[in-house]
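Peer 1: Sending over a structure as structure tokens; questions will come in a sec.
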């Protein structure tokens, strides 16, 4: 005995699917905006000054190219997230066009790769900052600059969350682009 969706009262219309897709896109893009902005602002505000052996020593995000890359990458992702949010709103008012969804997929993929690269660079430098490297003579600084390291860690975490959101968006956009093109 086969049970169809209509007998259960489940409506599976293209309009309902489009609304669900649009709501998911907008929700995830709002999260991407929040995570990338938080990561960028946390990183650029990461600084701490300590007096070690009667010498004032600063620790700032701008001293590390990897930390600057994370801040700039998140600002870029934030800006493009705002633009893609506007595009996502516009997709709800237009006819379904696979080209628009493909461009959205490319955007999501590029933002995904950008954030992944920034997160990887920051994680590598952050690991050295936290644990040092005895083979090369690099000492850990996080025991001397805990506030700085905590802010960098939080910024990296926010950036990783932005990366995860863009990874999900990339998968959803690829699926949607493929369904419309078929």
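A Cβ is built for glycine as well, from the same backbone N, Cα and C atoms used for every other residue.
From TrEMBL, here are the annotated features:
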type: TRANSMEM; residues: 20-44; note: transmembrane segment
type: DOMAIN; residues: 24-165; note: domain 'Casparian strip membrane protein'
type: TRANSMEM; residues: 69-91; note: transmembrane segment
type: TRANSMEM; residues: 103-128; note: transmembrane segment
type: TRANSMEM; residues: 155-174; note: transmembrane segment
Peer 1: Per DSSP, what is the residue count of the domain 'Casparian strip membrane protein' (24-165) in each of helix, strand and coil?
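Peer 2: DSSP composition of the domain 'Casparian strip membrane protein' (24-165): 105 helix, 14 strand, 23 coil.
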Peer 1: Going through 20-44, 69-91, 155-174 one by one, which has the most CB pairs that fall under 8 Å from the transmembrane segment (103-128)?
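Peer 2: Out of the listed stretches, 155-174 contacts the transmembrane segment (103-128) most.
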Peer 1: Which residues, given as numbers and ranges, are at least 6 beyond the ends of the transmembrane segment (69-91) yet have a Cβ under 8 Å from it?
Peer 2: 22, 25-26, 29-30, 32-33, 36-37, 39-40, 43-44, 61, 100-101, 104, 107-108, 111, 114-115, 117-119, 121-122, 155-156, 158-159, 162, 166
Peer 1: Should anything in the same chain at least six residues away from the transmembrane segment (20-44) have a Cβ under 8 Å from its Cβ atoms, list it; otherwise answer none.
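Peer 2: Non-local partners: 61, 67, 70-72, 74-75, 77-78, 81-82, 84-85, 88-89, 91-92, 104, 111, 115, 151-152, 154-156, 158-159, 161-162, 165-166, 168-169, 172, 176.
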Peer 1: Which residues, given as numbers and ranges, are at least 6 beyond the ends of the transmembrane segment (155-174) yet have a Cβ under 8 Å from it?
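Peer 2: That would be 21, 24-25, 28-29, 31-32, 35-36, 38-40, 42-43, 46, 70-71, 73-74, 77, 101, 104-105, 108-109, 111-112, 115-116, 118-119, 122-123, 126.
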